[in-house]
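Everything on this sheet refers to the single structure shown next.
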Amino acid sequence: MDMYAVVGNPVSHSKSPKIHGMFAQQTGESLEYTAIQAPLDGFRETVESFFIGGGKGLNVTVPFKEQAWNIVSERSHRAELAGAVNTLLQRDGRLFGDNTDGEGLVRDICVNQGVALSGKKILLVGAGGAVKGVMAPLLDEGPASIVVANRTVSKAEDLARIFGRNGVVCARAFADLEGPFDVIINGTSASLAGDIPPLPDAVIASHTFTYDMMYSLRDTAFVAWAKARGAAHCCDGLGMLVEQAAAAFYLWRGVRPDTAPVLAGLRQGD
C-alpha cells in the first residue's frame with residue numbers, strides 16, 4: 001500500500017490524515033496516510049528516511065515549509081514564488097516541491113463560497129509566510145488591487161515589491177488603511193489566540209466578504225470581529241485546508257476528489 005504523511009511539529013492536531021483518508025475512500029485509491037512529528041532540527045533527515053523507506057508523498061506544515069523549499073531539487077513555479085513548499089513527491093529519483101495553499105484558498109473563496117475576486121479591492125492582513133504563499137494565486141484572479149497591511153510595514157513593503165509586477169499591490173500600516181474593501185483576508189494566526197490586528201472599522205462594510213485563513217471549533221476572533229461590524233459573509237479557513245489537500249492528492253494520484261462531502265463531514269464532526 002502506498003504511504004503518505006504530513007510532517008510538522010507539532011502535528012498531532014492535524015486534520016490531514018482524516019481528510020486524505022476520506023479522499024482515498026471516496027476515490028477508491030489504495031493508500032495509507034499518517035502524521036509524522038519531525039524534530040525541529042531533524043526535518044531533512046525525517047524526509048529522507050520517509051522516501052528511502054518507500055514513501056510516495058508528503059505534506060509539510062508549520063514550521064517546516066521554508067525548509068522544504070530549500071531541500072527540494074525542483075519546484076513548481078508557484079512554489080518558487082511562494083518561497084515555501086507544502087507538498088513533496090519524488091519524480092525520477094529527484095525531490096519535487098509544490099505549494100497548493102494559494103490554490104486551496106482561491107478554490108474555497110471562488111468555488112465553495114461563490115465569491116469572484118476579479119476587479120475586487122482586497123485587503124490582506126499580515127505579511128508572513130501564509131500571506132506570501134497565496135499572493136500569486138490571488139493576483140491571477142485579476143483583482144483591482146491588493147493592499148497588504150502589517151504591524152511591521154517593511155515586511156508588507158517587501159511583498160509589494162516582490163509581487164507588484166503581477167498586479168497592483170501596495171503596503172500600508174494598519175492606521176493608514178482606508179476602506180471599505182470588497183474582500184478582507186486574515187493571514188495571521190493571532191485570531192486563534194483571541195487577538196486581532198488593530199484594523200480600523202472603516203475597512204469593512206456590509207458587502208465585505210471576510211475570510212480567516214485560520215479555523216477553529218467556534219468563530220475565530222477575526223470572524224467574530226467581522227460579524228460584529230455587520231459583514232454579511234464571513235468564513236474560516238477549513239475549506240482552504242480541504243482544497244489544498246485535494247490539490248496535493250491530485251498531484252500524487254492523478255485523481256481529483258470531490259471536496260464538498262469531505263468539508264461537510266468535517267463541519268459536522270467539529
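Here the Cβ of each residue, glycine as well, is placed from N, Cα and C on the backbone.
Sequence annotations record features per position, and here Swiss-Prot assigns shikimate binding site to Ser14, Lys15, Ser16, Thr61, Asn86, Asp101, Tyr215 based on sequence analysis. Around Thr61 (shikimate binding site), the C-beta neighbours below 8 angstroms that are at least 6 residues distant in the chain are Val6, Val7, Gly8, Val11, Ser14, Ser16, Asn86. In the three-state DSSP classification, Thr61 (shikimate binding site) falls within coil.
According to Swiss-Prot, the feature active site, proton acceptor maps to Lys65, an assignment based on sequence analysis. With a cut-off of 8 Å between CB atoms and residues at least 6 apart in sequence, the same chain places Ala84, Val85, Asn86, Asn99, Gly129, Gly133 near Lys65 (active site, proton acceptor), listed in sequence order.
Per Swiss-Prot, the feature NADP(+) binding site maps to Gly126, Ala127, Gly128, Gly129, Ala130, Asn150, Arg151, Thr152, Val153, Ser154, Lys155, Met213, Gly237. For the recorded site, Ala130 (NADP(+) binding site), the DSSP three-state label reads helix.
Here the CA atom of Asp101 (shikimate binding site) lies 20 Å from the CA atom of Lys155 (NADP(+) binding site). Summarising the shikimate site geometry, the residues cited as binding it (Ser14, Lys15, Ser16, Thr61, Asn86, Asp101, Tyr215) extend over a maximum Cα to Cα distance of 18 Å. Per Cα geometry, Gly237 is the residue among the binding-site residues Gly126, Arg151, Val153, Gly237 nearest to Lys15 (shikimate binding site).
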